[in-house]
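Okay, structure first, notes after.
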Amino acid sequence: MSTTFTINSATSRANPVSAPMKRLTVPAVRDRKAKIAAGTGEPLVMLTAYTVRMAQLMDPHCDLLLVGDSLGQVIYGLPSTVPVTLEMMAAHAAAVVRGSYHAVVVVDMPFGSYEASPQQAFESAAYLMKQSGAAAVKLEGGVAMAPTVAFLSERGIPVMGHVGLTPQAVNALGGYGARGRSQAEADKIVGDARAVAEAGAFAVVIEGVVEPIAIEITNTVAVPTIGIGASAQCDGQVLVAEDMLGLFERVPRFVKRYGDMAGFVAERAQAYAAEVRSRAFPTDEQTYAPR
Ligand code: KIV
C-alpha cells in the first residue's frame, strides 16, 4: 500500500496538513475480495481508533479504521459495550475522521441504536454519519439483522456486518468465549454471515470462532471477511489497537502484542514523578527566563 501524506507532528493536537491524496472507498474495499482471489490484492488491514492522534498515526498503515464500541471498555472503563451511546460513538468517530486521510472510517452502531427496526437503524446510522463524516457503519448480528442491512444499504449507508462472537450480546451469550464449537452453532454462524453478505454488507467481521467456520465463510461469501480471533485465511484482520500495542497486561489469546505500551507509560510516569519529587524537573531548559 502506498500513501503520500506527511503528518505534521508540530501540530500534534490539530489536523495535520495533508498532501493531496485520495481516501480509500467502500467499493474499493468490497472489490478487494476479487483481487485477493485473483492473487493481485493484499489482505485488508483494519485497526480500531478512537482519538485523533491515534488515527493520525495509524491511518497511513491501514485500509480501514474502526471506531469500535470497544471504546466503552478501552477509553471509558465500562464493564462491556452495552452502555455505550450514540453520542459517544459520534464524538469519537468525528475525531478519527479529522485525524485520517487515507483509511475508510467505519463506526460501530452501539447496542440499542439499531435492533428495534430498520427505521431506527437508519436514523441512528444517519446521525452517526452526519455528526462524524464516517463512511460506513458496523452492526452486530446475522439473519435477524439482514433486513436492516438491506434497508440501510439500499438507502446509501454502507454496512459492515459482524458475526460469531458479538460482544453486544454478552448477556445472552454468557461470556466472551469462542463460538461455534457445536455443529448447530457453527451452521448458525455461517448462515448469519451469508445472510448479511447477501443483504448488502460490503464486508463482514468474523469474531471469536473456531477456525473452520471462518474459512468456510471466507470461501463462500462474495464480500471480504475481516477476522479477529478467526483465521489467517480471512480476507483481512482487525485488532483493538490498544490490545495490539500492549496497553493491557492481559489480552485474549487471539491478540498479538506488538509492544509494551503499558510498561512504556508506567516507566515514564515513574521517571517523571521521581524528577518532580527530587526537583530535577523542570530545569532551565523548560523554564522561561525574563527578557
Ligand atoms: O468494537 C470493536 O472494537 C470491534 C472489533 C473488535 C471488531 O467490534
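For all residues, glycine too, the Cβ spot is worked out from N, Cα and C.
Copied over from TrEMBL:
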ACT_SITE  E207  active site, proton acceptor
BINDING   D69, S70, D108, K138  3-methyl-2-oxobutanoate binding site
BINDING   D69, D108, E140  Mg(2+) binding site
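Proximity to ligand 1 (Cβ under 6 Å from any of its atoms) holds for these binding-site residues out of D69, S70, D108, E140: D69, S70, D108.
Listed recorded positions: E140, E207; maximum Cβ neighbour count within 10 Å falls on E140. Recorded residues K138 (3-methyl-2-oxobutanoate binding site) and E207 (active site, proton acceptor) have their alpha carbons 13 Å apart, per Cα-Cα distance. A Cα-Cα distance of 14 Å separates D108 (3-methyl-2-oxobutanoate binding site) from E207 (active site, proton acceptor). Highlighted in sequence order, G68, S70, T81, V84, M109, P110, F111, K138, L139, H162, P167, Q168 have their Cβ within 8 Å of the centre of the Cβ atoms of D69, D108, E140, the residues recorded for Mg(2+), and are not part of that set.
Around D69 (3-methyl-2-oxobutanoate binding site), a 10 Å sphere centred on its CB holds 30 further CB atoms from the protein chains shown. Cβ crowding, taken as the number of other Cβ atoms within 10 Å, peaks at D108 among the binding-site residues S70, D108, K138. Ranking the binding-site residues D69, S70, E140 by the distance of their Cα atoms from the Cα of the residue listed as 'active site, proton acceptor' places E140 first. S70 (3-methyl-2-oxobutanoate binding site) sits 13 Å from E140 (Mg(2+) binding site), taking the CA atoms of both as reference points. D69 (3-methyl-2-oxobutanoate binding site) is 11 Å away from E140 (Mg(2+) binding site) when you measure Cα to Cα.
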